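Sequence annotations record features per position, and here TrEMBL assigns transmembrane segment to 82-103, 115-132, 179-198, 204-226, 238-259.
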Amino acid sequence: MPVRAILLLNSSPISRDTKYHCKLTVLRRRFNTSPEILRAPESTRIRESRCFSSDPTRISPKFIVPNAFQAGGFAEMVFQDVGATALVLAGSFALVSAFESLTQRNIIQQSLSRKLVHVLSGLLFMASWALFSTSTEARYFASLVPFTNCLRLLINGMSLATDERLLKSVSREGKPEELLRGPLYYVLMLIFCAIIFWRESPVGVISLAMMCGGDGVADIIGRRFGFVKLPYNQKKSWAGSISMFAFGFLISFGMLYYFSALGYYELNWTETAQRVALVSLVATAVESLPMGEVIDDNISVPLSSMITAYMTFGF
Ligand SMILES: Nc1ccn([C@@H]2O[C@H](COP(=O)(O)OP(=O)(O)OP(=O)(O)O)[C@@H](O)[C@H]2O)c(=O)n1
Ligand SMILES: C/C(=C\CO)CCC[C@H](C)CCC[C@H](C)CCCC(C)C
């Protein structure tokens, strides 16, 4: 009969994943619970000190042992992660095919198709993180999706195979070698943020939101309304940069609210708005610089966002 109780963590607000691993810690410490009940993997990333308030004796070690801890629970989590990976991977192929079809039928231009895929892929990928289990390995399952697309871009970019749908929806001019630059850096950044930051830290979410939402919308707005160019960069415009700042801020804030509403972290929204505004300002300034030939926007924008977000939010 599995142990049943409710864990009341008296510590400061912490993420849902952290609370989950704290339950594990408390179970092991207080009940000396036999391992066959605790089948869930223990996180090496969650320091026990984060599980307890300043006075560990204040912890009321009552907790519900969710199904995941019961015998076989680990298998259930693996099953959930495999299913989520298959679903999201199918979604990525469907997204590319859908925009290839729209381009093929001349419903949208190829340049707009590329940017819409740029905006939607990363944001939908982040939104899908909620489908994965609370195990430490979940992030690696999720990363298989951009990794598979990375292989797809490499194979087609080196002309080892030809996927016309991919070329039509993702390249500027239909040249295979284009896939080895912007799109490849894009999926590599998705992999990096999913593994390093995952659902535990706002840093990864903000960085990807700036790359996908901010930079993507800047291109769409800038191409259409960018008549007044920046004084130091004739290839970029005030309309593009202002829209990057605005949409980068709004989409980042929206994604943080999404993950907060799901219980992954609790944020002070006034402070968060100020911090996200600073990240958006720095990323917009970096994106506006005439260095597209030196470093791709899909590297400079998320990287500058990551550094600024890390300095303001911490991990
Ligand atoms: N701040 C910005 C950003 C983009 N643009 C417009 O959008 C176009 C493409 O912008 P860019 O971010 O450079 O996209 P690329 O990285 O070149 O294209 P892709 O992302 O498709 O590789 C620019 O030429 C410009 O017309 C703009 O006016 N102002
Ligand atoms: C055109 C792009 C970048 C250039 O600036 C974006 C390329 C996108 C990849 C080809 C596809 C990436 C798919 C995501 C990893 C997963 C999306 C899943 C979601 C459910 C649709």
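Using N, Cα and C of the backbone, Cβ positions are placed for all residues, glycine too.
Bear in mind that TrEMBL entries carry predicted annotations, made automatically and left uncurated.
Note that the structure is a prediction, hence the values are computed from the model and not measured.
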#### Entry: Non-local residues, at least 6 beyond the ends, that sit with Cβ under 8 Å of the transmembrane segment (115-132)
80-81, 84-85, 87-88, 91-92, 95-96, 99, 108, 138-139, 141-142, 145-146, 169-170, 182, 186, 190, 194, 198-199, 205, 208-209, 211-213, 215-217, 219-220, 251, 255, 258-259, 262
### Message
Which sequence-distant residues neighbour the transmembrane segment (82-103)? Criterion: at least 6 residues beyond either end, Cβ under 8 Å.
### Response
109-110, 113, 116-117, 120-121, 124-125, 128, 131-133, 141-142, 144-145, 148-149, 164-166, 168-170
